[in-house]
Every structure is written in structure tokens, then in C-alpha cells.
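Per Swiss-Prot, the features are:
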type     : residues                                                       : note
BINDING  : Gly435, Pro436, Asn437, Gly438, Ala439, Gly440, Lys441, Ser442 : ATP 2 binding site
COMPBIAS : 40-53                                                          : compositional bias 'Basic and acidic residues'
DOMAIN   : 401-618                                                        : domain 'ABC transporter 2'
MOD_RES  : Lys309                                                         : N6-acetyllysine
MOD_RES  : Ser517                                                         : phosphoserine
REGION   : 1-57                                                           : region 'Disordered'
Amino acid sequence: MPSDLAKKKAAKKKEAAKARQRPRKGHEENGDAVTEPQVAEEKIEEANGRETTGDGEVDLLTKELEDFEMKKAAARAVTGVLASHPNSTDVHIINLSLTFHGQELLSDTKLELNSGRRYGLIGLNGIGKSMLLSAIGKREVPIPEHIDIYHLTREMPPSEKTPLQCVMEVDTERAMLEREAERLAHEDAECEKLMELYERLEELDADKAEMRASRILHGLGFTPAMQRKKLKDFSGGWRMRVALARALFIRPFMLLLDEPTNHLDLDACVWLEEELKTFKRILVLVSHSQDFLNGVCTNIIHMHNKKLKYYTGNYDQYVKTRLELEENQMKRFHWEQDQIAHMKNYIARFGHGSAKLARQAQSKEKTLQKMMASGLTERVVSDKTLSFYFPPCGKIPPPVIMVQNVSFKYTKDGPCIYNNLEFGIDLDTRVALVGPNGAGKSTLLKLLTGELLPTDGMIRKHSHVKIGRYHQHLQEQLDLDLSPLEYMMKCYPEIKEKEEMRKIIGRYGLTGKQQVSPIRNLSDGQKCRVCLAWLAWQNPHMLFLDEPTNHLDIETIDALADAINEFEGGMMLVSHDFRLIQQVAQEIWVCEKQTITKWPGDILAYKEHLKSKLVDEEPQLTKRTHNV
């Protein structure tokens, strides 16, 4: 007969099997169900980067961000009713409304998030996409407690921990079980409990946790050496990658990502796209990259006119479906308006005529009343279209910039970034620089502008050439207390009339109150537009654009692409947006191994090359991680 211990083990296994068949209240990898909402919230906060161990000191910037988020939450009001079953893994909320500082962002709409679907949330800058994600992440909408949520909100704070440690520790249940198992390993009296712990750890694949964490970090660009550096030695962009790695490692039931590609290079973007394709629960993603949305999403949610509208398929399918629906809607609208005009005209002409005509007029009046009562088709309200503009720069004879035998390293004993570069660029140059992080793409732009000097060799520039460089930190140079109008008038005093400057700023999507509000009150996307307006009116011959799409919406990026294509001068671009590169670049230059080589195909061929590299690297990575 089976022993009592064997019976208990069998019972535990059955219970564990049942638990695996239903979603857990805590994180999927945290095991046992979380019964206290407060505990669940603490786990989510810890996962999002809050320091919970050590000396208890919180990075000052992190504290400021927390205070800022609290103020935003206090100014936010959300109402909605859960319409799906409380135990369902799908989330259906009706009568959803969202206001911020009294401004209505959503009104009486519905939120539908189904298990196994990956949603792209799209809409114009400032329409409230990030605000909606925050409301979901903070559970201000009625989402059942058994659905755990991970909302990636900020970078990891600087600390003594390594990226690998930070990713591993996010799985709090596994870490607790391993500590408990280690304690009980020497106590024979707790043999049964120890076996239960080992069984649970086996369910969590605890022995593979480090390998999985290392694989995720590698995909996001961390070499084995970088995975063991201290977090305080990384920039904010790299610490954001660590936070993203934690989100992917913990595998929550609902994952909310707001512009996850902003701090990634093309290699990491391709890896992340392939990784998210395998996400089997609920993913809600805000991204400005059409290519990324096409690769990841199974559904699109369009935030428009205070409503959430749902489309099946990726971004390209959404565009096609929306166009067809709007064409049909306008046909229906015009048909109804024609019918209404005809009936009103008939009623006016024959309402007081002969008995027969009067009866017909009354019949048409009843038909008209029924049409009005049942609701008429609305006219299609199109999104506002932007039209960016780079002023004519005039012609200067080639060569504009000559790079002759240039080598560069940041320090005398540091690694060589470039060695013996030799090339020229002119006003007809349209180049995208690609390559892994650290290969020197941004460094090259700084060398060409003169912000950095070559270690060896020479860079010759035409005496009259003007260069405009857009980079990720340009926003930091803005005077936040000034309005866009005041800032531009200060930067370009030769423009005396405010109305003339208003027209200039208006071409970059800043209108009305946005022009006269303090810059600090603008969204990140609107601040980027101020920077683009400032850059354009420097009247450069050469545009050097380093990640110009961060924080911009899809419509703004398309307007930027059109403006670049109409620009008379030369352009060099660093971007993780494959579609923008495809739109504006005539050549692809690969920065790698201390040199620059011209890619023989277009950017889409380069993307396929990166995908094939991922397939080739996977077995080597697994083998290397096993040997760690």
C-alpha cells in the first residue's frame, strides 16, 4: 500500500496541476495565489524597479518620478463597469470614462482585452494612450485581482546590483523557495516539506532561471561581461533595458509596454519583436513603429474621438480595414443626407396640397422621424494631418564633408571605435547608419559636427556648411519655463512678429494653447516638435538625425519623412524605426568592427539578416550560459 508521504505527494501534485490550469492571482512565476490585493501591488511595484532591499535609500530621481506619477494619478478620474465574468481570463469593461485635470479623454466607451491577444494601442500625441495604460496598471479600472499586471513605467534606479541579479530577483516566489530549500536541506525532520519545495521549484523551472534571464539580457544587447557590471555604471537607457528584461522574465498575465523600443538599437528591436510574438497572455503595446506593430500585434485599438475602436489584425490590416469602413460610412452618410433633403423638400412642397399628396407627405414625415430617432450615420472625422518643413538651404559645391584616414578612441588606453575611416558626404547624401549599440553611430555624427575630434586623421568641411544635429537629449536644452512661442522668439530674434512665429511653430503640429503654454506642461511628443522646429530654422545644409522618432506618433513620423524627402540638403539618420529608414534612406551604412561598410540591399533585407543572426546565435548562447 502507498505510504502516507506518497499519498500526500500525489495530492500535492494534483493540486499543483489544477493550479496550473487556472491563472494565478500573483505573477505567473510567483506560484501560490496572492489573496491580498496589497501584496499583489507590492510585488508589482517591486517588479517595476523600486528598491526594496539594501540600505533603503531611494534614488532622488526615482523619488521625483514617483511623486510625479502620484500627482498624475490624483488628477486622473476613471469610471467603468466590469462586464466579463469575475473569474474569466478576458477583461471586458463597459461605460469606461477617463478624465485628466477635468479634460475628457474617453467617454462611455468599452475596453476589451482577451487572453492570447497582443494589442497595439494607437492614436495621436496627447490623446491619452499613456494615461490609459497608467489607469489599467494602477487598477483604477475594475480588473479582477486574479489577473496580475506588469506596467513598465521607468528605468531601474542605480544600485550595486548587476543586471542579472536585478532580473533574477524579480521572481520573488522562486527566490523565497530557494532560500527556504537551502535552510531545510540540513534538517531531516522537514524532509516532506523540502520535497514539496523542490517539486514547486521544478514547476517554476528554477534550475533554468539564470539561463533564461541571461538569454533575455543578451537579446536586449547585454554581453556576458555587461550582465555582471553594477547597475550604477549604466546610463538611464541601459537601466531601462534591465527594467524591460524584468518584465519579460516574470511573464505576467497582462503586460503593458509604453514605447519599449525607444532605448533599443535595431538588433535589440528585432529580438524584442520575435520575443513578444510568443507572448500568449494579454499584451497592450504603445509604439510609434509601424514595422514593430506589424510584427507583434494581433489586434489594434484606435483611441480616437474619446472612443476605443477595435480592429482585428496588425497595423497594415488596420489601415486597410479602417479605410474601407470610413469609405462605407461616408457613402452611408451622404445617402442619408440626400434622403433627408429629398423628404424635407417633398414635405415642404406637398404637405398642404391635395389629399393624396398630403398623405404621401405625412408618410414621408413619419419615415424621416423614424430615421432621426434610430440615429443617423456620423460624418467621418479624420485625424489632423501635419506638414513639417525644412527651409531651402541653398547650394554649396562638393565636397561638403571629407573624412580622411580618421581613427577615434575616447581615451588613450580605451578601445578603438573607428580605424582609418575614409569617405565623403554631399548635399545629395541620404544615409542611415545601422549597427549594434556601442559600434559608434552617434559618435560618428559627433565627429562630423566637430563635437568630438579625431584621434588620428582629418575631417575637412566646406567653409559655409551649416549642420543641424537632432539628438535624444535635445529636450534637456529647452527652457521649460518659456512657452514654445517665447522660446523660438528668443532663439530667432530676427523674426519680430509673433504671428509669423506662430505660423512657423504651427507647421510642426503645435497650435492654439500649446504655443503659449509653458514647455514643461507639454507632452514628450510635443517637446520633440519644439526641438524639430528649432532645428529646421537653423537652416542647415546637412541634417544629422539621431533617433528623431522617440515620443512621436505615427502620423508625425510620416510628416517628418515627407519633410526629409523634400529637403534640399543632405541627411544622415540613426534610428530604430525600420519604416522611417525605408522611407528616407537611399543607402545603408553598417557601423561595426571599427569601420563602416555599405550594405548591399535595403533596410528590410538588413532586418532579415538580423533575424538570421538570432537563429544562429541561440544554440551558442544556450551552450555559453550552461557553462556560466
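Glycine residues also receive a Cβ, built from the backbone N, Cα and C atoms like all the rest.
Positions of the features from Swiss-Prot, shown on the structure.
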{"residue": "Lys309", "record": "N6-acetyllysine", "DSSP (3 states)": "strand"}
{"residue": "Gly435", "record": "ATP 2 binding site", "DSSP (3 states)": "coil"}
{"residue": "Gly440", "record": "ATP 2 binding site", "DSSP (3 states)": "coil"}
{"residue": "Ser517", "record": "phosphoserine", "DSSP (3 states)": "coil"}
> Do you know offhand how many angstrom separate Gly440 (ATP 2 binding site) and the residue listed as 'phosphoserine' by C-alpha?
Replying inline: 38
> Under 8 Å Cβ-Cβ from Lys441 (ATP 2 binding site), six or more apart in the same chain: what's there?
Replying inline: Leu433, Val434, Gly435, Asp546, Val574, Cys591
> Of all the binding-site residues here, Pro436, Gly438, Gly440, which one's CB has the most other CB atoms within 10 A?
Replying inline: Gly440
> Inside 8 A of the center formed by the CB atoms of Gly435, Pro436, Asn437, Gly438, Ala439, Gly440, Lys441, Ser442, which other residues of the chain have their CB, for the recorded ATP 2 site?
Replying inline: Asp265, Thr443, Cys591, Glu592
> Cα-Cα separation of Lys309 (N6-acetyllysine) and Ala439 (ATP 2 binding site), in Å?
Replying inline: 42
>> Return the average pLDDT for the domain 'ABC transporter 2' (401-618) as a whole number.
In response: 92
> Residues with Cβ closer than 8 Å to the Cβ of Ala439 (ATP 2 binding site), same chain and 6+ apart in sequence?
Replying inline: Ile417, Cys591, Glu592
> Which residues does Asn437 (ATP 2 binding site) neighbour through Cβ under 8 Å, counting only same-chain ones at least six apart?
Replying inline: Gly221, Asp265, Asp267, Ala268
> Which residues, sitting 6 or more apart from Ser442 (ATP 2 binding site) on the same chain, put a CB under 8 Å from its CB?
Replying inline: His471, Asp546, Val574
